Amino acid sequence: MDESLSHADISSDSGRRRGGWITFPFIIGALGGLTLAAGGWISNLIVFLIEEFNVNSIDAAQISNVVYGSVCFFPIIGAIIADSFFGSFYVISISSCISLLGIVLLVLTATLNSLKPQPCATGSKLCQPTSALQYAVFYTGITLASLGLGGTRYTLATLGANQFDKPKHQASFFNLFFFTLYSSIVVALTVIVYVEDNVGFKWGFGPCVIANLIGMAIFFSGSRFYKFDKPQGSPFVGLGRVIVASVRKTSLQLSTERKDYYYGHDGVTNKVAAATLSKSFRFLNRAAQKIEGDVKSDGSIAKPWSLCTTQQVEDFKTVLRIFPLWSTALFLATPIAIQSSMSVLQALTMDRHIGPHFKLPSSSVVVIVLFSTSIFLTLIDRFLCPIWQKFTGQLPSPLQRVGVGHVLTILSMAVSAVMESKRLKIVQEHHLQDQPGTIVPMSIFWLFPQLVLVGIGEAFHFPGQVALFYQEFPMSLRSTSTALISLIIGIAYYVSTGVVNMVQRVTGWLPNNLNNGKLDNVYWMLAVLGVINFGYYLLCAKLYRYQNVKGADGSPDPDS
């Protein structure tokens, strides 16, 4: 353990009865088990649909796309429920049980012949149709497993970060959180998928059930140590009230007197604690300005949709301030999503032999990204951050980390373009343009540099984004803030599909036969768009002022 996690620091965070680093093994252990369980069933879903349910490849891919997109959106629902009603602990507890039930149904589907159609006859296109009951059980299992995954993964990040008060401890936790997340996915993509492909799906889904159970047991074992977050009602209702109240009072002249604004039911106490309404987005200040009939005689709000507290107004302003940065993250994730799918298509055309007896599955190339991300998360936390702190006197800020991720992602797109140009040159030299399905005499190892670069970039920008959102969002939106990274991935996944469709319609760069296309132009286009987005990010970062981030020593960040 390095200086940033010294015994003195741990004591300072865990000196209370609950919270601190004593909770770390339980939260990370739960993350590892639950992620291994989810990765085991979702990573090989397309093959399962084709081999076990006789679904044709196109339909299987579409179903898989819907599942992946849903898995990315469900964390937002889980986060809203955690923030509004039950808190992170109970959402994780319930979601892990839902996930277990879903995976059990998948095990039954893979094991019982009555819950899946008979295999197609060899060489025949005529297959026994899948019954309504078989589909019902399967889709119920998929839905429950997806809901469970959505309610645990990023809510665990929030619960873990809530155990610490110091930003540097939260930053270290996020690094270790993502290291565990990626490492567990790597194990699922390799070990469990290998078992499913070579032994059987029931033997692959079985360990997923065990991993889910182990993750739950570890999580519940640490309940006596956790510092619980208290739900504060639906924060989105409060944000909506700010909009409605400010619109209703559009004609009201803004007052410069503090006494004219509403600070809360306890009046004087909140007036001292609440910061003065900021000058940015001043038109929203009207939502907290009192007029006759807004407040009851006991000091409470008489018309909830006509008056808000100053804190609710400032919370809404915080969301508005961070939205431009959030949008840059969306356009950062979209090229990564496109590169991921295109790399699989490239791998299908290349020599995938590793040694004389092993052939790497084309979809497994994503493991390179996960490996590089996992390794560099550790290097960043243990070496690069301390070195940076030694020379600058402070740890790199979340915005700086995200900026480095932008640069590395742009480099990855450029390297992808160069590698694809080399592949197309070999295609032309061997006259393979009009021979779809032919393997190009070029090793799959040529794809590794671009995947390593994007993996290193993710090690910088993903934890940086989560830390930024967590530290900057209002307290009432903490769970939602960490789930935003999942929302970014989900939207980027669908946006990337739209971009590829547009490229196919407007240009001839992406025909069905990749050997006769211009995929290198697509990568150059993504690199140029990345540079534009990076310029937009730099502008947003320059204009942004930290609201809650403190320096490594607990003092205000000099960049803020």
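Cβ atoms here come from the backbone N, Cα and C positions, even for glycine.
Note that the coordinates shown come from a computational prediction; the quantities given were computed from them, not determined experimentally.
Quick look at what TrEMBL annotates:
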type	residues	note
TRANSMEM	21-50	transmembrane segment
TRANSMEM	62-82	transmembrane segment
TRANSMEM	89-112	transmembrane segment
TRANSMEM	132-152	transmembrane segment
TRANSMEM	173-195	transmembrane segment
TRANSMEM	201-220	transmembrane segment
TRANSMEM	319-338	transmembrane segment
TRANSMEM	358-380	transmembrane segment
TRANSMEM	483-502	transmembrane segment
TRANSMEM	522-540	transmembrane segment
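Across 21-50, 319-338, 358-380, the stretch most heavily in contact with the transmembrane segment (522-540), judged by Cβ pairs under 8 Å, is 319-338. For the transmembrane segment (358-380), the neighbouring stretch richest in Cβ pairs under 8 Å, chosen from 21-50, 89-112, 132-152, 173-195, 483-502, is 173-195. For the transmembrane segment (89-112), the neighbouring stretch richest in Cβ pairs under 8 Å, chosen from 132-152, 319-338, 483-502, is 132-152. Ranked by Cβ pairs under 8 Å to the transmembrane segment (132-152), the stretches 21-50, 173-195, 319-338, 483-502 are led by 21-50.
Sequence-distant contacts of the transmembrane segment (201-220), counting only residues of its own chain at least 6 positions beyond either end whose CB sits under 8 Å from a CB of the stretch, comprise 25-27, 29-34, 36-38, 40-41, 44, 48, 51-52, 92-93, 96-97, 99-100, 103-104, 106-107, 110-111, 192-193, 195. Put simply, of 21-50, 173-195, 319-338, the stretch with the most CB pairs closer than 8 A to the transmembrane segment (62-82) is 21-50.
Same-chain neighbours of the transmembrane segment (319-338): 239, 280-281, 399, 402, 405-406, 409, 413, 454, 458, 461, 465, 468-469, 472-474, 477, 484-485, 488-489, 491-493, 495-496, 499-500, 522, 526, 529-530, 533, 536-537, 540-541, 544-545, 547, counting only residues six or more beyond its ends whose CB sits under 8 Å from a CB of the stretch.
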